[in-house]
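The region 'Domain I, interacts with DnaA modulators' annotation in Swiss-Prot covers 1-90. Positions annotated as region 'Domain II' by Swiss-Prot, on the basis of sequence analysis: 91-130. Annotated region 'Disordered' per Swiss-Prot: 98-119, in sequence order. Swiss-Prot lists 98-111 with the feature compositional bias 'Low complexity'. Swiss-Prot lists 131-347 with the feature region 'Domain III, AAA+ region'. Summarising the annotation, Swiss-Prot assigns ATP binding site to GLY175, GLY177, LYS178, THR179 and lists sequence analysis as the type of evidence. Annotation comment: Swiss-Prot describes 348-467 as region 'Domain IV, binds dsDNA', evidence class sequence analysis.
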Amino acid sequence: MSLSLWQQCLARLQDELPATEFSMWIRPLQAELSDNTLALYAPNRFVLDWVRDKYLNNINGLLTSFCGADAPQLRFEVGTKPVTQTPQAAVTSNVAAPAQVAQTQPQRAAPSTRSGWDNVPAPAEPTYRSNVNVKHTFDNFVEGKSNQLARAAARQVADNPGGAYNPLFLYGGTGLGKTHLLHAVGNGIMARKPNAKVVYMHSERFVQDMVKALQNNAIEEFKRYYRSVDALLIDDIQFFANKERSQEEFFHTFNALLEGNQQIILTSDRYPKEINGVEDRLKSRFGWGLTVAIEPPELETRVAILMKKADENDIRLPGEVAFFIAKRLRSNVRELEGALNRVIANANFTGRAITIDFVREALRDLLALQEKLVTIDNIQKTVAEYYKIKVADLLSKRRSRSVARPRQMAMALAKELTIHSLPEIGDAFGGRDHTTVLHACRKIEQLREESHDIKEDFSNLIRTLSS
């Protein structure tokens with residue numbers, strides 16, 4: 001049996017799986033081949049259960065394809081493989097990390113071998129502010145395809161802060177659950193280590209604190225405070241844009257925390273490299289750990305969010321009513337919850353049962369606005385959901401037909417249904433030139449005449465966006 005068996009499996013899995021999935025679940029595994037058994041060691045029970053549930057068949061299939069009837073049996077363990085091994089027994093991973101998920105920079109200082117999580121002291125500063133909202137936990141975060149990887153990564157960070165995913169960078173549109181996950185991580189860490197110094201903040205508070213420190217000649221105290229935390233959770237990092245002094249100070253804070261194995265989690269409304277006005281050295285560091293997108297929730301997740309929110313308020317929400325609301329409000333979780341709060345308030349005030357007709361009346365102005373309001377953002381979300389791809393794919397440089405055709409469709413719809421100019425549409429699709437938009441519109445127009453499927457897709461999307 002080849003000693004490179006696990007390396008062969010890794011190479012195939014890296015080709016077959018999305019880069020984020022491979023980096024998150026497969027890369028942390030260690031392997032040992034002995035007595036026709038391939039033992040896979042996971043860093044914790046969460047990773048072990050996930051790999052066994054999601055990838056067991058993939059791995060067994062690869063072992064069979066490589067070894068036939070002599071394929072080894074799989075065994076899963078939590079921990080690390082034994083240190084004392086012969087060279088013939090050790091099997092390790094040598095697959096290069098995907099650049100877009102984890103980037104190792106030559107100038108990065110080597111992490112300290114001493115973990116700051118071995119002996120977490122009680123907070124020393126009387127002005128220490130956690131700001132973690134105890135109401136936001138993993139238990140009340142509704143999981144769906146759109147946020148599954150982000151939740152899983154956040155859960156691992158909460159279980160093993162300062163470990164593999166440092167920094168963790170979550171990005172996506174407004175109201176999709178990024179802030180909820182930040183607080184959930186903070187609560188998870190403090191549940192394990194009650195004395196851990198976990199600080200949640202909006203990026204503008206970091207800027208404000210630094211300005212006050214400069215005004216009061218207290219910059220050294222500022223540095224000590226932020227570099228002594230065990231986990232720093234910063235929301236909306238894009239607001240650092242064009243704030244050069246703040247970026248300079250955060251650059252050094254970032255390096256100090258990483259060297260001390262202190263956890264950093266950042267969120268933004270866009271991919272790190274697409275944040276304008278932020279220094280390249282910072283954007284590069286943002287991608288050192290794991291970068292995960294949160295997409296707008298799909299229909300099933302929107303329904304689940306409404307049902308869970310209603311349950312938390314001891315309100316019986318009929319399934320058909322949840323579906324009615326979810327089908328019409330597609331943009332984000334915050335909008336859904338706001339609509340449901342209005343429905344609940346109206347029901348409490350009037351004493352009426354919650355039916356579709358009641359919801360239609362209670363949300364009359366909101367639904368009327370949704371029916372009239374067709375934006376490029378809405379078109380992108382609708383097209384992505386229709387073709388079962390991500391909004392990020394529409395904005396990417398990918399040219400495969402499975403992405404390029406929906407992108408052309410979305411551009412044509414934007415020209416048809418909005419008042420935006422071709423350059424404005426191009427800019428909304430990843431900064432593309434207006435000639436690209438014009439070509440897309442002409443291509444879809446041609447295909448609508450030649451292909452019944454394209455004609456039907458266009459009609460269905462027009463109907464969905466206009467209804």
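Even glycines carry a Cβ here, placed using N, Cα and C.
Same-chain residues that are not part of GLY175, GLY177, LYS178, THR179 yet have a Cβ within 8 Å of the Cβ center of the ATP site turn out to be GLY172, THR174, LEU176, HIS180, LEU181, THR267, ILE294, ASN332, VAL333, ARG334. Taken residue by residue with DSSP, GLY175 (ATP binding site) is part of neither helix nor strand, so it is coil. The Cβ of GLY177 (ATP binding site) lies under 8 Å from the Cβ of PHE141, ASN147, ALA150, ILE294, VAL333, each on the same chain and at least six residues away in sequence. Around LYS178 (ATP binding site), taking its Cβ as the centre, 23 other Cβ atoms fall within 10 Å, counting all chains. Helix, strand and coil residue tallies for the region 'Domain I, interacts with DnaA modulators' (1-90), in that order: 46 helix, 18 strand, 26 coil [DSSP]. Averaged over the region 'Domain II' (91-130), the predicted model reaches a pLDDT of 44.
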